[in-house]
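Let me begin by presenting the structure, written as C-alpha cells, before commenting on it.
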Amino acid sequence: MRALLLISTICLLARALAAEVKKPAAAAAPGTAEKLSPKAATLAERSAGLAFSLYQAMAKDQAVENILLSPVVVASSLGLVSLGGKAATASQAKAVLSAEQLRDDEVHAGLGELLRSLSNSTARNVTWKLGSRLYGPSSVSFAEDFVRSSKQHYNCEHSKINFRDKRSALQSINEWAAQTTDGKLPEVTKDVERTDGALLVNAMFFKPHWDERFHHKMVDNRGFMVTRSYTVGVTMMHRTGLYNYYDDEKEKLQMVEMPLAHKLSSLIIIMPHHVEPLERLEKLLTKEQLKVWMGKMQKKAVAISLPKGVVEVTHDLQKHLAGLGLTEAIDKNKADLSRMSGKKDLYLASVFHATAFEWDTDGNPFDQDIYGREELRSPKLFYADHPFIFLVRDTQSGSLLFIGRLVRPKGDKMRDEL
C-alpha cells in the first residue's frame, strides 16, 4: 500500500512540475547578515552544544512525544538567570552553557547579539514571532537595573502575577502568548504546579519560507504512521528539486537539507528508512555526528513529501535544565536571584518553552531552468510519513534556531497497519 502511495506521489509531482515549469521564476533576494563578533560566535558554538545535550535529555523522557526547542532562546534564558543571580546560582547557569570562562559582560553582550541576529526575521525572510516574559509573585518587585539590562540583552518583559486566582493568572499568561504570536500559539499551559516562585515563559511562532516553495496545488490527505500499529490522517505537501541529500545504508537513515529563503538558514531532516521509534537515531545524534553526516551530503534530485500543518508544543524545561546542572536556581532554599529583586526572595519555579511551528508550502518561485535536467526524472524519495528529527541551522555560524522531532502530528486515527 505504501509503495503505491509513493508511486502515485511521483506521478503527481511530475504533473505538477509540468504545470508549474512554464511560470517565470523571480530571483530570490540574496540574504545579508552581519558577521558575528568573536564573543557571539563563541556563544553560537556553545548554544549548539547545549542543543544536543538538552534534546538528548528530553528524548529520554517517556512523557515527551513531539519536541520543539530553540537553543538560542534556551541559551538566552540561561543568560537571564546568570544576569539575575549571584554566586552558585549565576555560575551554574553559565556552566550549563559551557561559558564559565567568559566574563559576565561577554556572555550577556554575546548572547544578545546572537539572539538579535538569528531572530531577525526580515533578513532571513522567515516568520519568527518571539516573546519572553518573566513573571514574579505579586509580593516581589523587580530591580530597575535588572529590568533594564534584561530588556537590553534578552528583550525580556517583566510582570507581576497573583496566583491566588490561578484561573485568572493562567488566562493572563495564555493571552499574552497568543498576542505575542498573533494568535498562532493560543495556549502555553493549562496549569502551573509551583506558584510561589518566578515563571519564565518563552512564546514563539515559527514558519519557514522555503527557498523554493512546495506545490501549493499538490496537497493531499495521507497517513502518518506514529507506530506500525497506529496511523493518523494528515495533510501532505510535495515537491521535487535539487537538495543536499545523504542516505546512510549502514545506519538505515536518510537526511535532506532544504534551504530557506535568503539562504541564511536551512532545515535539515533526519529520518529512519522505516517506521521505528527514534531512540536508535537519537543515540547517534551529536554535534560531531551531524557534522560528519553533512560532510557526506551531495546535491541530488529529491522528491520530498512532508506533513503540512501547525505543531504546537510546550515544554517545562525546569527539570531538564536541572539534569544538566542548573540545580540552585530552581531550589527554593538555595536560589540566589537577588539581582532580580534586590532580595533572596525568588527561585525559578518553571521555565515554559512554548512553540507553534508551521509546516506550509510558502516560498520563493521555482528555478525553472533545472526542470529540463535528466537527473530530475529519477529522484530520490524522501517520504516523511513516519517520525523524524529536524533542525533549523544558521548557515553562517552553525548555531541552531530550532531542534526537534515530529512523532505525532495532529490528526485523527485512521486504521491499524499490519
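The backbone N, Cα and C atoms fix where each Cβ goes, and this holds for glycine too.
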The annotated motif 'Prevents secretion from ER' range in Swiss-Prot, which must be one of 207-210, 263-266, 415-418: 415-418
Surrounding CB atoms that lie within 10 Å of the CB of LYS296 (N6-succinyllysine), all protein chains: 12
Candidate nearest LYS296 (N6-succinyllysine) in space, where candidates are the recorded positions LYS94, ASN120, SER141, LYS207, LYS319 and distance is Cα-Cα: LYS207
Distance, LYS207 (N6-acetyllysine) to SER141 (phosphoserine) (CA atoms, angstrom): 36
From LYS94, ASN120, LYS207: recorded positions whose CA lies within 10 A of LYS319 (N6-acetyllysine): none
Cα-to-Cα gap, LYS94 (N6-succinyllysine) vs ASN125 (N-linked glycosylation site), nearest whole Å: 32
